[in-house]
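**Q** Take a look at the following structure, please.
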Amino acid sequence: MGNKKIVLAYSGGLDTSVAVKWLTDKGFDVIAACMDVGEGKDLNFIHDKALQVGAVESVVLNCKAEFAEIFVGAALKGNLMYENKYPLVSALSRPLIAKKLVEVAKEKGATAIAHGCTGKGNDQVRFEVAIHSLAPELEVIAPVREWHWAREEEIEYANQNGVPIPADLDNPYSIDMNLWGRAIEAGVLENPWNTCPEDAFFMINSVEDAPNEPEFIEVEFKEGLPIALNGKIMELHEIIKEVNIIAGKHGVGRIDHIENRLVGIKSREFYECPAAITLLKAHKDLEDLTFVRELAHFKPVLENELANLIYNGLWFNPATKALIAYLDETQKVVNGIVRIKLYKGLATPIGRKSTNSLYSEKLATYTAADEFDQAAAVGFIKLWGLPTQVNAQVNLK
């Protein structure tokens, strides 16, 4: 009888490369699976390295389009920002990666899935809750959480077992990147008083180094999602990639966040999210133009709840599904074009138009073209203030 098969979420880094050997020693045939969500890595190198370190099979999946349309799409429709600051960069990719791991496991006849998360972060929760939501029968193993090695012990194990040490191992920062942004933590950033060194940034110029002239872009939306950039129809993942470059050049999207983690601790995180910040601002601006007042005031309440659900690893929870369905309904009128000024760290919507616009210049103007019936205000004010007036008459004696 052969070894049991296990699918490992493989990144090509030291932790998951050592995990291949560690799991093999535990009696598993390791199938390495790498999901491309736009991190910009050399996927051929990762594919080959997995086999080099002992995986019996290496699978690389291009998930950029699905990640953008389904997961980032929900974040855009919902203007999602955890604690009003973090655009859910890593939190959005984890359910997709978990879904693909389950699909590979079922296709290959694996009985278990492994990931490279520590026992201290949010991602262990996100992966395991998602996997068990989709395939409760699969065992989940977290080698890094189990072996409790210091970095030096891990390197020693790698050297003893012929696992290549990555060239960038001395990088003082822990990095996670996808299409929607880049997360930076550890090193000197663990002291919240310290300023983030410039060498930590990859996507975004400093404000000082940003161009001295503004740049203007136009983003067209259809039912809440971008479909064109500067008049050119593009796939969503292509628009995000392009806006990352343009907005990053102008210093847009650096975030310094003291974050309340799901596991109960505070962490200090830096994020680079040029496209996320730019497109979220444009999207919200278009909603302001096309939403009735009641929807504009109520939707943010549910946005906050949905951001918390996704951050906390509950993408496949029925509550998340219901809230995303609500978002989809609201977005039917979010069609139009937003013009954005990019300059010295700011993404500022400066123009917008829509066939679903509820803005009436004839009602808003103070010129002779005004069609607003000001005489109607007298009766409106009387009825609107009646409960307050009655309260005063009864209680202010």
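A Cβ is built for glycine as well, from the same backbone N, Cα and C atoms used for every other residue.
What Swiss-Prot shows for this protein is this:
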BINDING   Ala9, Tyr10, Ser11, Gly12, Gly13, Leu14, Asp15, Thr16, Ser17, Gly116  ATP binding site
BINDING   Tyr86, Asn122, Arg126, Ser174, Glu259, Tyr271  L-citrulline binding site
BINDING   Thr118, Asn122, Asp123  L-aspartate binding site
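Structural setting of the listed features?
**A** Under the three-state DSSP scheme, Ser17 (ATP binding site) falls in the helix class.
The C-beta environment of Tyr86 (L-citrulline binding site), restricted to residues of the same chain at least 6 apart in sequence and closer than 8 Å, consists of Ile255, His257, Glu259, Glu269, Tyr271, Tyr311.
Around the Cβ of Asn122 (L-citrulline binding site), a 10 Å sphere holds 19 further Cβ atoms from the protein chains shown.
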**Q** Starting from the Cβ of Ser17 (ATP binding site), draw a 10 Å sphere and report how many other Cβ atoms land inside it.
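**A** Within a 10 Å radius of the Cβ of Ser17 (ATP binding site) lie 28 other Cβ atoms.
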**Q** Report, in whole Å, the straight Cα-to-Cα distance of Ser17 (ATP binding site) from Arg126 (L-citrulline binding site).
**A** 21
**Q** If you draw a 10 Å sphere on the Cβ of Asp123 (L-aspartate binding site), how many other Cβ atoms land inside?
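**A** Total other Cβ atoms inside 10 Å, all chains included: 22.
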**Q** If we check Cα distances from Gly13 (ATP binding site), which of the binding-site residues Thr118, Asn122, Asp123, Ser174 wins as closest?
**A** Ser174
**Q** Taking the centroid of the Cβ atoms of Thr118, Asn122, Asp123 as the L-aspartate site, which other residues of that chain lie with their Cβ within 8 Å of it, listed in sequence order?
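**A** Close Cβ neighbours, site residues excluded: Cys117, Lys120, Gly121, Gln124, Val125, Arg126, Val263.
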**Q** Which residues, same chain and not among Ala9, Tyr10, Ser11, Gly12, Gly13, Leu14, Asp15, Thr16, Ser17, Gly116, have a CB within 8 angstroms of the centroid of the CB atoms at the recorded ATP site?
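**A** My list of surrounding residues reads Val18, Ala19.
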**Q** Taking 10 A as the limit, how many CB atoms besides its own sit near the CB of Ala9 (ATP binding site)?
**A** 24
